[in-house]
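Grabbed the feature section from TrEMBL, which reads as follows:
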- ASP305: active site, proton acceptor (ACT_SITE)
- LYS20, GLY90, ARG118, GLN163, ARG336, ARG378, LYS404: phosphoenolpyruvate binding site (BINDING)
- LYS20, SER21, ARG25, SER161, SER162, GLN163, SER189, ASP305, LYS332: 3-phosphoshikimate binding site (BINDING)
- 7-412: domain 'Enolpyruvate transferase' (DOMAIN)
Amino acid sequence: MVVTIQPSEIKGSIQAPASKSSMQRGCAASLLFNGTTIIRNPGHSNDDKAALGVIQDMGAIVKKLDDGSLQITGGGVSADCDAVNCGESGLGIRMFTPIIALSDKRITINGEGSLVTRPMDFFDEVLPQLGVEIISKEGKLPLQVKGPLQPKNITIDGSLSSQFLTGLLFGYAASNAKDVTITVNNLKSKPYIDLTLTVMKQFGWEVENRNYEQFHFTGTAKPAASTITYTVEGDWSGAAFLLVTGAIAGDIVVKGLDVQSTQADRAVLQALQASGARISIQSEQIEIGPAALKAFQFDATECPDLFPPLVALAAYCKGTTVIEGVKRLTHKESNRALTLQEEFGKMGVEIELQDDLMLIKGGNGLKGAAVHSHHDHRIAMACAVAALKANGETVISEAQAINKSYPDFYEHIQALGAVVKKPVSSK
Ligand SMILES: O=C(O)C1=C[C@@H](OP(=O)(O)O)[C@@H](O)[C@H](O)C1
Ligand SMILES: C=C(OP(=O)(O)O)C(=O)O
């Protein structure tokens, strides 16, 4: 799909989308929880749909209620299939693999798009230590696993991704791990583990987090009520694009974000404040509007998904913005440091990569250009936001990539006044 964005006057109020990080964790917890879960504000991104597919394959019963909520009846893994598909979701495959390995059946786990080239060799090393047979395609998909996973003390490397740990935490909790510790070296994306533990706690699974180095299971899981209502949080990762839209293109109000959330990308507020954006943070809504934007410094090591929206912001900030954490970007949906450099280069923004630092030379005006998403949702959204104050129109190819996390993105910026041309009824 090709989407064209014109320079636009932006103004209005918008509700943040549902967080796929929150939704997918809610799906996993509902599958494992011995009872019924009502999921309010469920997401409908491709990653969310894939998670719902996986839990149904693993035995959960999912019913859509009249008010749009989902009713999920779980009770653990009882696989009645021999293959599942995680779509394009990195979190999906890395979280669900240890969960699927709770089954004693041989199950093939596959995925699509960029996921087939993303590293999964962590599982080749770790799962056999937990009694799980695994065959991968040289550390990539498809994975074939046969459990049941037996929790024991292990040491893992957390430097590539926190998502593997999220999966192990759920897997250990669901198999009633007792007096067992997962020791993690060099954990990155730590707030995502806070989110995992917050969700687990809501379902009655308590894990002791010892300084992000040890995660200890005491085995004293509190029985939760037989029905849990789980509300999917508003998405700080998707909303970061909306907030940057406000900072560069017009006064807007973004609603539905929890300012106390454990989501990593809530840190976008610090970057926006450092850039000089006019921002008012209230418990119910965030008001944001343009001001004289200046270059800022930001460490995105723990919140790597903020790079794309922050590059769009930095492009409009006078001076050289420095963002740290480039090494975290290599294995996302695209190699994001390079794809940002290439696509923003087409719009006239110079980006330099120096080891773990990204230097963005901003404030010199952007030109509309023909850009490509590289099938990466966050690259498509970053280019779309940057296009709103560019000189001339921007044409985004493979623009449908946004469906992975934020299917309503183009409609949402349109509602704020963005002039967006897209094929009728295409998602
Ligand atoms: O747990 C999650 O929901 C996520 C964790 C992060 O991945 P890493 O832990 O690999 O950095 C993030 O980039 C991804 O979009 C979602
Ligand atoms: C990297 C991302 O997601 P995942 O790793 O879950 O595919 C993302 O949403 O930017």
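Placed from the backbone N, Cα and C atoms, the Cβ positions cover glycine too.
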Among LYS20, ARG118, SER162, GLN163, SER189, ASP305, which recorded positions lie by ligand 1, judged by Cβ under 6 Å to any atom?
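Near the molecule: SER162, GLN163, SER189, ASP305.
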When you measure from the Cβ of the residue listed as 'active site, proton acceptor', which residues in the chain that are at least 6 apart have a Cβ under 8 Å away?
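Looking at Cβ-Cβ distances below 8 Å from the residue listed as 'active site, proton acceptor', excluding near sequence neighbours, one finds SER237, ALA240, ALA264, ASP265, LYS332, ARG378.
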Identify, among the binding-site residues ARG25, ARG378, the residue whose Cβ has the fewest other Cβ atoms within 10 Å in this structure.
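Lowest Cβ count within 10 Å among the binding-site residues (ARG25, ARG378) is ARG25.
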Select, from ARG25, GLY90, ARG118, SER189, ARG336, each of the binding-site residues with a Cβ positioned under 6 A from at least one atom of ligand 2; if none does, say none.
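What lies within reach of ligand 2, judged by Cβ under 6 Å, is GLY90.
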Roughly how many Å separate the Cα of ARG25 (3-phosphoshikimate binding site) from that of GLN163 (phosphoenolpyruvate binding site), to the nearest whole number?
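Spelling it out, the Cα of ARG25 (3-phosphoshikimate binding site) and the Cα of GLN163 (phosphoenolpyruvate binding site) are 11 Å apart.
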Show me the subset of GLY90, GLN163, ARG336 whose Cα is within 10 Å of SER189 (3-phosphoshikimate binding site); these are the binding-site residues I mean.
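Cα within 10 Å of SER189 (3-phosphoshikimate binding site): GLN163.
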With DSSP assignments reduced to helix, strand and coil, which class does ARG25 (3-phosphoshikimate binding site) get?
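Where ARG25 (3-phosphoshikimate binding site) sits, the three-state DSSP reduction gives helix.
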Within its own chain, what residues at least 6 apart in sequence put their Cβ under 8 Å from the Cβ of ARG336 (phosphoenolpyruvate binding site), listed in sequence order?
PRO304, PHE307, PRO308, LEU329, ASP376, ARG378, ILE379
For the binding-site residues SER162, SER189, which one has its C-beta crowded by the most other C-beta atoms within 10 angstroms?
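Most Cβ neighbours within 10 Å: SER162.
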Going along the chain, which residues six or more apart from ARG118 (phosphoenolpyruvate binding site) have their CB under 8 A from its CB?
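In sequence order, the residues whose Cβ lies under 8 Å from that of ARG118 (phosphoenolpyruvate binding site) (at least 6 apart) are GLY90, LYS140, HIS331.
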Among the binding-site residues listed here, LYS20, LYS404, whose Cβ has the fewest other Cβ atoms inside 10 Å?
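Selected from the binding-site residues LYS20, LYS404 on minimum Cβ neighbours within 10 Å: LYS404.
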Kindly assign LYS404 (phosphoenolpyruvate binding site) to one of the three DSSP-derived states: helix, strand or coil.
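DSSP call for LYS404 (phosphoenolpyruvate binding site): helix.
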